[in-house]
Amino acid sequence: MKRVLTALAAALPFAAHAADAISGAVERQPTNWQAIIMFLIFVVFTLGITYWASKRVRSRSDYYTAGGNITGFQNGLAIAGDYMSAASFLGISALVFTSGYDGLIYSLGFLVGWPIILFLIAERLRNLGRYTFADVASYRLKQGPIRILSACGSLVVVALYLIAQMVGAGKLIELLFGLNYHIAVVLVGVLMMMYVLFGGMLATTWVQIIKAVLLLFGASFMAFMVMKHVGFSFNNLFTEAMAVHPKGTAIMSPGGLVQDPISALSLGLGLIFGTAGLPHILMRFFTVSDAREARKSVFYATGFMGYFYILTFIIGFGAIMLVGANPAYKDAAGALIGGNNMAAVHLANAVGGNLFLGFISAVAFATILAVVAGLTLAGASAVSHDLYANVFRKGATEREELKVSKITVLVLDVIAIILGVLFENQNIAFMVGLAFAIAASCNFPIILLSMYWSKLTTRGAMLGGWLGLLTAVVLMILGPTIWVQILGHEKAIFPYEYPALFSISVAFLGIWFFSATDNSAEGNREREQFRAQFIRSQTGFGVQQGRAH
C-alpha cells in the first residue's frame, strides 16, 4: 500500500515542486542577448502565423475550434505543447537533480490522468460537444444552471492557473534573460493577447505545436549529449551521478519526498482527475473532425509527453554529473547559481555552449506563451459561448458572440497582468494545486457522470458540483499553505495540504444523493433522454464535421 501511495504522490511536482520551480526565490541573471535574439525570432515567426491565421478566422467555429480541421497528429502535438509547462521542464529536472530517483516517479505522475481521458472522455466528448465541455454537460440537462456552473468552474481554474503562469513567467524571464519582472509580465500579457485576439484557436494551436517541437528537440539534444558523455550507458550515468551527488547511493532509492500518505493520495487524485477537467485541455478535442481523430490526439499527446518526461529524468542526472560537479556553475557559498531550478539551463550551457543556452532559455519563454494562450481562449469561450450566448443573451448572432469573446480576452489579459504584478512576492505554488483540485472536484464529476450515468439530473449536478467546488476552495483556505503560511495563523484547521481526496468525494456523493432523491417531472424527463444521448455519444450520429463543425 505504501508503494501505491508513493506512486500516487507523483502528482506532487505539478502542484508543488514543479510549480515552485518558477515561484520561489530567483537570482537575476545578466542580460542574455543570445536568448533574447532567439526569442525575438520565435515571436516574429509566431506573430506571422497569427497574421496568417487571422485571415482564416471567419466564423465562430474558426475562432473556437480552428474549424474542426486540425488532424489528430497536429492536435496531439498541440495538447502536449499546452500541457508541458516551463515548471515541469525546469522543476522536474531540478527535482531529479536534488533527489534522484524520486524525480522519475514524480515526472511519470504527469501522465497518470491521460489514460482516463483516452478511454473514458475523448470519444464521447467530441461526439456530444461543439465548443466547450459545457456543451456536453448540458446536452440533456437544463442549459442555464449547468452552463453557469461549468463556466464558473472553468473561469476559476483558468484564473488560478493564469496567475501562477504569469507570476512564473515574470520570475523565469528575470532568471533567464535578466529582464525586469514587471516588463516580463507585461510582455507575456501583450503577446498572449495578440495570439488569441487575432488568431483564435488556429494561431494558438500552431504556437503550441511549434513550442512542443522546439521543447522536444531541445530536451532530446540535451539528453543525447548527456548519454554520449557516458558512452550511452545508463549504468555509467547512474554510477557517475552517485559518485558526485552529496546523497551518494541514496539518490537511487524512492520514497524520500513522501511523508504523509493522505496528502499524497489527495494530491494524486487531484492530478489524475484534474487533468481530465482542465478546460483548456478539453477544448482541444473540439478542434478535430471526429471521435477517431480525438482518440488519436490523446494517443499522440501521451506519447510525446511520456517521451519528454523520460528525457527530463536523463537531463536531471546529467545535471548532477556535469553541473553539480562543476565549480563554474556554483556561487561562493557552493550553491547552484540562480538556484536548483537553473539545473537544466546550466546543463544546456554545459553540453551546447552559450548559443544552445540561449535556445533553451527562449524555448522556456515560448513554453509559457503557449500555455497562457490556451488558458485565455478557454476562459474567453466560457464567458462568450456558455454565459453570453446560451444564458444571458440566447439567440445572439455569431458576430455578437465573437465580439464578446474578444472583449473577454482583453479583460482577462489586463486582469492577468495586474494580478501577475500584485502576486509577485506571494507563494503561488498552491494555486496550481487548487486549480487541479477544482477541476477534479467540479468539472470532472459533471463531465463523467453526464456521459455515463443515466440517473443524473440537473438538481444533482448543480448541488453536487457546487459542493465540490466550494469544498475544494474552503479546505484549501483552511489548510496549512493559506491558513498558516499566508494568513499567519498558528495552526491549520484542515491539516492536509491539498483537498482533492475530500472535495472529489463530496462532489460525487452530492451528485449521487441529490440525483437519486430527485423525483420531479423534470428529473424523470432528463433520465429518459439518456438513451438518445448515449447513442449519439457512441456513434457520432448528427455530429457536424470539418469547417461546419
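Positions of Cβ are set from backbone N, Cα and C atoms, glycine also.
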Tell me if the membrane topology in Swiss-Prot places M342 and Y131 on the same side. no
Contact check, the transmembrane segment (33-55) vs the transmembrane segment (494-516), 3+ Cβ pairs under 8 Å, seq sep 6+: no
Going by DSSP assignments with H, G and I as helix and E and B as strand, what are the residue counts for the topological domain 'Cytoplasmic' (451-461)? 6 helix, 0 strand, 5 coil
How about the transmembrane segment (103-125) and the transmembrane segment (212-234): at least 3 CB pairs under 8 Å, pairs 6 or more apart in sequence, or not? no
Can you check how the pLDDT averages out over the topological domain 'Periplasmic' (424-427)? 74
Outside the transmembrane segment (303-325), at least 6 residues beyond either end, the same-chain residues with a Cβ under 8 Å of its Cβ set are 76-77, 80, 83-84, 88-89, 92-97, 100, 103-104, 107-108, 110-111, 114, 212, 215-216, 219-220, 222-223, 225-227, 229-230, 237-238, 240-241, 244-245, 251, 336, 343-344, 346-347, 350-351
